[in-house]
Amino acid sequence: MADTLEFNEIYQEVKGSMNDGRLRLSRQGVIFKNSKTGKVDNIQASELAEGVWRRVALGHGLKLLTKNGHVYKYDGFRESEFDKLSDFFKAHYCLELAEKDLCVKGWNWGTVRFGGQLLSFDIGEQPVFEIPLSNVSQCTTGKNEVTLEFHQNDDAEVSLMEVRFYVPPTQEDGVDPVEAFAQNVLSKADVIQATGDAICIFRELQCLTPRGRYDIRIYPTFLHLHGKTFDYKIPYTTVLRLFLLPHKDQRQMFFVISLDPPIKQGQTRYHFLILLFSKDEDISLTLNMNEEEVEKRFEGRLTKNMSGSLYEMVSRVMKALVNRKITVPGNFQGHSGAQCITCSYKASSGLLYPLERGFIYVHKPPVHIRFDEISFVNFARGTTTTRSFDFEIETKQGTQYTFSSIEREEYGKLFDFVNAKKLNIKNRGLKEGMKQSYDEYADSDEDQHDAYLERMKEEGKIREENANDSSDGSGEETDSSFNPGEEDDDVAEEFDSNASASSSSGDGDSDHEDKKPAKKAKIVKDRKPRKKQPESKKGKDPNAPKRPMSAYMLWLNASREKIKSDHPGISITDLSKKAGELWKAMSKEKKEEWDRKAEDARRDYEKAMKEYSVGSKADSHRGEKSKKKKKKQEKQVKGKGDKKGATSKSSSSKSPAKGMSDSFKSKEFVSSDESSSAESKKEDSEDEGAASPPPSSEDSASGSD
C-alpha cells in the first residue's frame, strides 16, 4: 500500500464557507493546504480519534474528530474512493472509517448532543445537522428558548445568521435546562467578551488601514482596537501572518498583520492591519500579570517589565500571543540600498517588498502574493516614459497585479532576484534548471502540454539546419546595426553627396543671408555604407518544400474531427486544451508511432530540400551570368551616351550667337564654330585617355583666320 494519498479539489468547511485546496494523507498525519490563503492545517496521526464517511451535497465527505475536541470536515470525494481511504485508515491510523448517513426525515424535534466543539441535532441515532460552535458569535436566552447568532460569511452569497431552539421545561429541581444549554454553547463558542483587565495597552498608535489613531488593548485571546469612531475586536485565531518592514527613509517601520477573515467597517473589508512606527520612539512596558503567570504562559518569550523601541515591543508581544513567526525582508537590496522598491499600484504610490517567499506591497491597497501561487512575472516597458518600467505578476487563478512607475535603475536588481527565486519570466520561458524548487504538494499547478511551444521548437531546429546549409555561400553579415544617434545623418547622406559642403555653401549667398538667418551646418559622421540585403530574403519561394510537422501536430490533424464529434460545440481554444490533455495522457507506445511518422516526414523534407537547393544554385548561377552580361551592355550604352552628351554640351557652350538668328550665319561665325567643335573633340579624346599633343600655334592662328 502507498505511504501517502493525495486528493485535488477538496473542499474544507470553515465557518460556513467551503475553501478549496489539496489534501494529503501520510503516515505522520493529515495535511490540508488552502489554495486561497496558503494556510496549512496539520493533524498528527496520534491526535485522530474518529473518522466518519457520509454523503453530502458535493458528493461524499470525510469528517475527522481529534482527541482534544476539534472537528475537521472535507468534502468533494468520489464514492469509489471509500475503499482506498478505509484501507489507509486501518493500516496507518488504526481507525475504522465508519459510514453514517444524515437523517432526511424533515422532523424539527430531536435531541441536542455536545461533542467537543460540535453541536449535533439528532433524530434517533442519525444526525440531522451539525453546528461548529466556533461559528457562534452570540448566545442569548429567553423563556424556554435559546438563540444562537453566527458570524457573517463574506465569501458566501447567503449566510445563516440565527437559529432558535425551543427547550421544554423539565421536572428536575435546581437545574435550568435553558441555562445549561447556553453554558454548553458559550464554553466552546467564539464569543468575544472583554472580561477582566487587558494584559497591556499601547496608546495612540498610528494606523494606516483602517486609517486613524487607535488604542490597542491586548487581551489573552483577542486584540481590541479602540478609536474615536470605531472599535474592532480581532481574535488571535484570525491572524494569518505578521510582517515587520523597514520604510525606505530608514526612519520608520511598518508592522503588518494579515487577517482571515478580515475586519469589517460597513461594506469595507480590511484584510491587513498596518501600523506605522517611528524608530526613535521608545517605551517602557509592564504586563498586567505576575511574574509566575508570565513565565508559565509565555515560557521566557516575554517578561513582566520590558523596555525598548515601540515597534519592537508591539511586535514582540504580538508574536508571543499569536504564536506565529514575524516575516522580515530577505537579502534583497535595491539600487538606492533600501530593501524595497518605490512603485505605484492602482494609481496609488507605495512600496513593494521582495520577501524570501513572496512579495508584499504597502500600503494602499495592501497586497501579499506568495511565490507558490505565481504563474509568471513580466517586465514591461513604462507606458508614459522610458525612465521607468512596469512589473506584472499573474497568479495561477488568473489574477493580474501590475506595479508601475518603477525606476529603470531597479531593473537589474529585481530581475536578478526573480531569477534567483526561479520564477517563470514571460517571453523567456522556463529554461533548463529553472524548475521551481517548491514542494510538489505546495505547488498546485501541474504542467500542461503546450502545443504551440512544441511546434516552435521543431521549426527552430529546422531553421537552424537550413541556416547552417546556406551559411557556406554567404560569408558576410547582412543585418545592419541600429544606431539611434545617427538617424539625422541619414537624411544628409541620402539626398546630397557632400552634405557638409552643400549646407555650408549657402553661407556665401548674400541674398539668402538678408532674408533668413544662416543655419548651422550639420556635422556628418563618417560611417560605413549599408550592406545590401541578399536577394534571397526578398520573398519566399513558393516552389520550396514545405516544413514537416511535429508528432503532436500530425496526431492533432488526424484526431481533430474525432474530438469535435465527442464534444459538440467545443470552441477552438477549448479544443486545443483538450487535445493537450489527451496527448499528455497518451501512452508511450502510441506516441512513438507518431514520432516515427514525424521522423519519416522530416527525412522526406531533408531529401526534397537537398534537391531543391541543388536546382536553385544552378538557377542562381545562370541568373548571375545573365545579370553580369546585362550590366556590361548597359555600361557600354551609357558610355556612348555620355560621349554624345558631352559633345553637344561643349558645342552649345562655345556658340554664344546661336540664339540670335538661325536663318543667317556670317563667314566668321561658321569658321569659329568649326574650330570650337574641333577643340571639343580633342578634349573628349583626352578624357578617354588617348595621348594627343596640344594644338600648335599655327593651328590656332589658322583657326582664328
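Easy rule for this one: first residue shown is 1, then count along the chain.
The backbone N, Cα and C atoms fix where each Cβ goes, and this holds for glycine too.
Taken from TrEMBL, the feature DNA-binding region applies to 545-613. Look at TrEMBL and you will find 474-496 tagged as compositional bias 'Acidic residues'. According to TrEMBL, the compositional bias 'Low complexity' annotation covers 497-507, 647-663. Residues or ranges marked as compositional bias 'Basic residues' by TrEMBL: 517-531, 624-633. Residues or ranges marked as compositional bias 'Basic and acidic residues' by TrEMBL: 532-544, 634-645. Taken from TrEMBL, the feature domain 'HMG box' applies to 545-613. Per TrEMBL, region 'Disordered' is recorded for 459-552, 610-705.
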The DNA-binding region (545-613): DSSP-derived helix, strand, coil residue counts: 56 helix, 0 strand, 13 coil
Averaged pLDDT score, the domain 'HMG box' (545-613): 87
For the compositional bias 'Basic residues' (624-633), the number of residues DSSP places in helix, strand and coil: 10 helix, 0 strand, 0 coil
